[in-house]
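Data first, discussion second: the structure below is written as structure tokens.
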Amino acid sequence: MKKNMLIPLFLFLVFYLLSFVINDTIRLDLIGKNQAPSLSHLFGTDWLGRDMLLRTLKGIQLSITLGIVTALLSTCLGLLLSLLATFNPLFDKLVAWLIDLFLSLPHLVTLILISFVLGGGFKGVVIGLMLTHWPAITRVLRAELLQLQTMPYVQISKQLGKGFWWRARHHFLPHLFPQLMVGFTLIFPHAILHEASITFLGFGLSAEQPAIGIILSESMQYLSSGMWWLAFFPGLTLLMMIILFQCFAKAFKHYLERDRSYGHYFNG
Amino acid sequence: MLEVANLSYTLPNQTTLFDDISLTLDEGEIIGLSGASGLGKTTFAKVITGYLPAQSGEINCKSLKNKPHPVQLIWQHPEQSVNPKWRLQKVLEEAGDINKHLLNQLNIPFEWLQRYPHQLSGGQLQRICIARCLLTNPSYIIADEITTMLDPIAQAEIWQLIMEYVQKNKIGLLIISHDHPLLENLCEKILDFTQFVKPFEGLSRNNDEGVRT
Ligand SMILES: Nc1ncnc2c1ncn2[C@@H]1O[C@H](COP(=O)(O)OP(=O)(O)OP(=O)(O)O)[C@@H](O)[C@H]1O
Ligand SMILES: [Mg+2]
């Protein structure tokens, strides 16, 4: 049980931290450019002779950081807003209105506007992504909380003298945890892809930052000349990282909901 | 003494469920309340115990902030009244510090406290709900059809435990039930809820689902 959770997490962290260990700068090598994958360059080299493995690892690190920070911030914002909405009917109206407003605007346009106003870069992209990705999860959490509030055990809790924040901590949070996890794992790849697309359009990260999105959009032009490895390996690595992350999230969810009361019957 | 004066409640769709109810419940007094299904007995109980706001009228027991309500309601369905994700230990601790003596009185083994609600039967869970209610040291208890889903033996067992506790601690008890023999056995006084409902209202309401007694 614990193994299911720790192995994906371990692999994920290894890939993520590998690029911190490899500290040497990625060298240009114009003689060895456009090489197909080989033993000396596992992922091949690009049009400037840079080793694609190193670029991918660096890119993964930046993209994952961005994805995690954004997913975390949007989930927290969603949780806070949905709790406020249940706290007071006035806030509820306000939050519902804000959700409708943000959902009716095209995602990418809002993102570009916010990121542009904040001057782009890592900070601009993260804040832009956070402010555009909260409505979907907030809507789910708010609906879940509205339903939860009608449950007898929540109403009883109130009559047992427990205040709103106590109920939020003990009744609402454990109930919302699966939704939070799912929301987080859905926003995470979304954020990375959106980062890639606005970077591609020139409003996101600057071109010298080695994000996966930049690698992918740059290699677009070379794909037609048969250099498949430029996009294949970075894309595959990104996919693998996201799958590893989701394996961990799923096992973690099971781990939290496990049944401890009869555990000793099975563990001997 | 719990005093309810001129209590009325109107549903969101503007039909008045009951009007002008006055009732007193002494410490240690046991009153039965019966009436056809759908008349508003559960709603009445929820208004007194603070779950629903009254339309008009006075109740002399109000809850203080962050204190358990002095009038506690025990719900009909125990499986809906406990958080399914909590161990029973936490369910009981929500009401106050766990009192071993009380658990013994209610025949609740400690081993149960480490279980989840779905690992107990309905009757066992109802005993947990009763224990949770008693842990708040209520002055009055309203029991809303709390044994309807149990067999006669389990019913008798639960009522015996409650009666013992209530008499010893001088708690006022209002029992809502459709079971007349039960009420006659336990209560000093039985009220018929039909008298609180406006006569024409009662007649116009669809009573096919319930039994008029
Ligand atoms: N939120 C609501 N909106 C509309 N009607 C409601 C609402 N809540 C309750 N009612 C109606 O109020 C009436 C009283 O319901 P209540 O549960 O209090 O009846 P009861 O006397 O406890 O019945 P039973 O003996 O079957 O438990 C019912 O006719 C029900 O349909
Ligand atoms: Mg009822």
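Numbering starts at 1 and runs along the chain as it is shown here.
Cβ atoms here come from the backbone N, Cα and C positions, even for glycine.
Transmembrane segment is the annotation TrEMBL gives to one range among A:4-31, A:60-87, and that range is A:60-87. By the count of Cβ pairs under 8 Å, the stretch nearest in packing to the transmembrane segment (A:172-193) among A:60-87, A:94-118, A:227-248 is A:60-87. If one looks beyond the transmembrane segment (A:60-87) by at least 6 residues along the same chain, the residues whose Cβ comes under 8 Å of a Cβ in the stretch are 15-16, 19-20, 94-96, 98, 122, 125-126, 129-130, 133-134, 137-138, 141-142, 144-146, 149, 164, 168, 172, 176, 180, 183-185, 187-189, 191-192, 195-196, 205, 209-213, 234, 237-238, 241.
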